[in-house]
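Read the structure below first, then the notes.
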Amino acid sequence: MFGRSRGAGAPKSGHSRSGGPTALLAASATFSVFLIVAIIAAWSVFYAPGPAARQGDSTIVTLPSGAGVSAIAANLKAAGVIRSTDMFKAAATLTGADRKLRAGEYEVPAKASLRSVLVLLVEGKVVRHYVTLPEGWSSAQAVDILNNQPLLTGEITDIPEEGSLWPDTYEIGRGDTRASIIARMTTAQTDNLARLWSARSPRTVARSPEEAVILASIVEKETGVASERPRVAAVFSNRLRIGMRLESDPTIEYGVTKGRPLRRGLRRSEIDQPNAWNTYQIDGLPPTPIANPGRDAIAAVLNPPPSNELFFVADGTGGHVFASSYEQHLANVARWREVERRKAGLPPTPVAPAPIAAPAEPTAATVPPGVVVPQGARVITIPQTAPAQ
C-alpha cells in the first residue's frame, strides 16, 4: 500500500551471518595445525638427543633426598644433563614421573634424551659403589680402607675389636658414614658366627665362639690356599689337644705390629721375645684374634677333619707340606730350605740334619691315633662333645 519492498531492506549492522561456519572451521583447523606442530615439537624434544657430557662419556649427578621436581630439574640443568628446566618439569608432569623420581647418584650417558633421563630417575638406576674387607685383614686395616674411601663421611678414631668384623664386599652409597659401614660389618660377623657355631662338630677344640674366632684368625693368616685351611686347623687342633704350643709366626707379627703389615721377615729376637700373642712363648691361644677371619677359616676350626698331623712348613710354591712326626717335619724343612737356596742361587747345603731326640710317650688317651707327641709336650684332656653355649 505504501510502496515498501519487504525484502529489499539493508541488513542490520552487526548481525551478518555470512561466513560464520566457515570462520569457525578455519579457526579449528588453525588450532589443530598448531596443536599438531606443538605435539611434534614436544615429541622431538622428548626423544631428541640431549646435551653432550662436559667430560668423558657420561655425567655424574647427585639428587638429594626430598628434592622436588623443580630442584631436580635445576640440578640436572646445572650438571648439563638437560637443556631446559621447563621442558623437564612439563615432561615429568605429563608423564606422571614427577611423583616417582628417586634420589641418589646417577650416571647419565652423554646426549641422553629427556625420556631416557626420566626413565633413569624413575627406575632408580643409581650408581652402585662397593668396598671390600678381605679375609685375614686386621681391624686397623679395615679402618684404613674406610678412611681412604672418599665417598664416605665421618672419621673412625677407635679401632674395632680384632675379629669383630665380617670379611665381605659391602655396597655403599655416597654420603654413607664410615661408622655405619663398621656397624654393618659387626652385625654380619655376629650373625654369621652364630650360624657357624650352631653347626660345630664335636671334634672342635674351641670352647666358645670367641675361641673359634681366635684360632680361625691364626689359620687364616697361616695360609692363603683355601684348600689347606682344614688341614691347618686340624694341625693346630691336635697341638692344643696335647698341650703343644702353636708356634705360629703370624702371632709374633701381630704382637709386633698390632695388625699392621710388617713388610719384612721376623727377627730371631722377636721370636724369642715374649708378648701376649707370641705362641712360641705362650701356651694355648693368644688373648685375642690376630685378624678378621672369613667363613671358611671359622668353619675349618669348628669342623676340623680327622687328622694326626702336627706340623707343616712352606713348600716353596705358596702351599705347605704336612707331617705327623717330627722326623718327617725336619725332612720337609730341609727340602724347603733347599728350595730357598736354589731360588737365591746358592749351592745345596752339605750339612747333614741334626740328631733327632726320641719322642715322648703319650700321657693321656686323648691323643689321636698315630700322633707322635714331641718330647716335653703336655697332654691335656678335651671333652669329646662340644660344650653347650
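The backbone N, Cα and C atoms fix where each Cβ goes, and this holds for glycine too.
Here TrEMBL flags 21-46 as transmembrane segment.
In the three-state DSSP assignment, the secondary structure recorded for E222 (site 'Important for catalytic activity') is helix. Summarising the annotation, TrEMBL assigns site 'Important for catalytic activity' to E222.
Remark: E222 (site 'Important for catalytic activity') has V232, S248, D249, P250 as non-local neighbours, by Cβ distance under 8 Å and separation of at least 6 in sequence.
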